[in-house]
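Residues annotated as active site, proton acceptor in Swiss-Prot, with sequence analysis given as evidence: Asp13. Among the features that Swiss-Prot reports, active site, proton donor is placed at His41, with the record citing sequence analysis. The GTP binding site annotation in Swiss-Prot covers 12-18, 40-42, Arg302, 328-330, 408-410. Annotation source Swiss-Prot lists IMP binding site at Asp13, Glu14, Gly15, Lys16, Asn38, Ala39, Gly40, His41, Thr129, Arg143, Gln221, Thr236, Arg300, citing sequence analysis. The substrate binding site annotation in Swiss-Prot covers Ala296, Val297, Thr298, Gly299, Arg300, Lys301, Arg302.
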Amino acid sequence: MKVDVLLGLQWGDEGKGKVVDVLTPNYDVVTRFQGGPNAGHTLEFNGEKYVLRSIPSGIFQGGKINVIGNGVVLDPLLFKQEAESLAASGHDITKQLYISKKAHLILPTHRILDAAYEAAKGSGKIGTTGKGIGPTYTDKISRNGVRVGDLLHNFEEKYAAAKAKHEAILRSLNYEYDITEMEAQWLEALNYLRQFKLIDSEHVINNYLKEGKSVLAEGAQGTMLDIDFGSYPFVTSSNTICAGCCTGLGVSPRNIGEVYGIFKAYCTRVGSGPFPTELFDEVGDKIGQLGHEFGAVTGRKRRCGWIDLVALRYAVMINGVSQLIMMKSDVLDTFDTIKACVAYKMNGVETNEFPYEIDDTIEPVYVELPGWKTDMTKMRSEDEFPEEFNAYLSFLEEELGVPVKIVSVGPDREQTIVRYTEE
């Protein structure tokens, strides 16, 4: 067996939680391989809405194994809150969830450092969620991090050393803080974490594959936020692309199977950073209102714009996407015409390749397509798709070179249509 991967192809918030919930019945194991509690996956189960920040979305499927991989950074306090919320709703996850010993811990001082660094940047801030993600990955790369497996040996010494280094940095920044209460809660949450099975996830995942178990790897955020290939420096601190699955779980590239690339029928972005197709008019406001575009974790209003095929082609290439999944098609139901960016104009020169750096001087080159002007929310089969919508899908497939296999026409699970188009 191979690991199938589900990835966001834009700037995050594509709707991965819902799609994972639809796909998980087909898998034995669901994993997370990167990121932390800065991004939430929203999904509905039995009429209830849940936001999962660190726990894999397969947790609602009875009998599924869920693994938090080594590439994830874990905040014990936020993890405890998330797990207890699930338990209060009748979901006991202690037997279903395994955690990699090699996953790094987000310390209380990481969160303080995050706030201090952002404050020091002034107008140049990147819009961090303040969850300590960046400083935790910084410590990981500089070999100063504290890992989940350290709970089993010499934890107090390693924690004290990391905390002392952080406090020295904060003194140099003249940043005032008090972590007394947060630290007490965090240390209490560590004890809660100990009840879960702490594993050498690379061995466990590869043994599952040898046993013939099917594995789905669930990415967080989106390709355009990747630390290497995203719109740097307005990116996250981990590899959100398909290659991140290999390093974040310990699997060979030869063991990657299907790569599902998920995108919205339009674009959104949260926080600072370039956004070539952003709309500042009533059209952008309308998309945001119809799409309920607010962050699952931060509650921040998302910036909205037309679909960017330059960025999407780039994301498809980087990830080796084999199947596309389009979300929120219904949000565009009422538009007379729909625009799609097919190229950028930079210094008067047109290009269809994603550049080294994108900024406000980039001018999107649009094509216009007729809208379908039809309520798609009640459709349950591709046979019901209006002609204009089929034309839009064909246009996207031609531009991206990959079939759109799944179309979402609403937030509920049954509003997910699998297309049976030929290869």
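Cβ coordinates are placed from backbone N, Cα and C, and glycine is handled just like the others.
Close to the residue listed as 'active site, proton acceptor', meaning Cα to Cα within 10 A, are the following binding-site residues out of Asn38, Thr42, Gln221, Gly299, Lys301, Arg302: Thr42, Gln221, Arg302. Over all protein chains present, the Cβ of Gly299 (substrate binding site) has 7 other Cβ atoms lying within 10 Å. In terms of C-alpha distance, the listed binding-site residues Gly15, Lys18, Ser329, Val409 place Gly15 closest to Arg300 (IMP binding site). Burial estimate for the binding-site residues (Asn38, Thr42): highest at Asn38, by number of other CB atoms within 10 Å. In space, Thr42 is the closest of the binding-site residues Gly15, Lys18, Thr42, Val409 to Gly299 (substrate binding site), judged by Cα positions. Comparing Gln221 (IMP binding site) with Thr42 (GTP binding site), their Cα atoms are 12 Å apart once rounded.
By neighbour count, meaning other C-beta atoms within 10 Å, the densest spot among the binding-site residues Lys18, Arg300, Lys301 is Lys18. Counting other CB atoms no more than 10 Å from each candidate's CB, the binding-site residues Gly15, Thr129, Val409 peak at Val409. Put simply, of the binding-site residues Gly12, Lys18, Lys301, Val409, the one whose Cα is nearest the Cα of Asn38 (IMP binding site) is Gly12. Taking the Cβ of Gly12 (GTP binding site) as centre and 10 Å as the limit, one finds 26 other Cβ atoms among all the protein chains shown. Here the C-alpha separation of Thr42 (GTP binding site) and Arg302 (substrate binding site) works out to 15 Å. Ranked by Cα separation from Arg302 (substrate binding site), the binding-site residues Gly12, Gly15, Ser329, Val409 are led by Gly12. In space, Thr129 is the closest of the binding-site residues Lys18, Thr129, Val409 to Lys301 (substrate binding site), judged by Cα positions. Look at Lys18 (GTP binding site): DSSP puts it in a helix.
Around Ser329 (GTP binding site), the same-chain residues six or more apart in sequence whose CB sits under 8 Å from its CB are Ala265, Met376, Phe389, Val407, Ser408, Val409, listed in sequence order.
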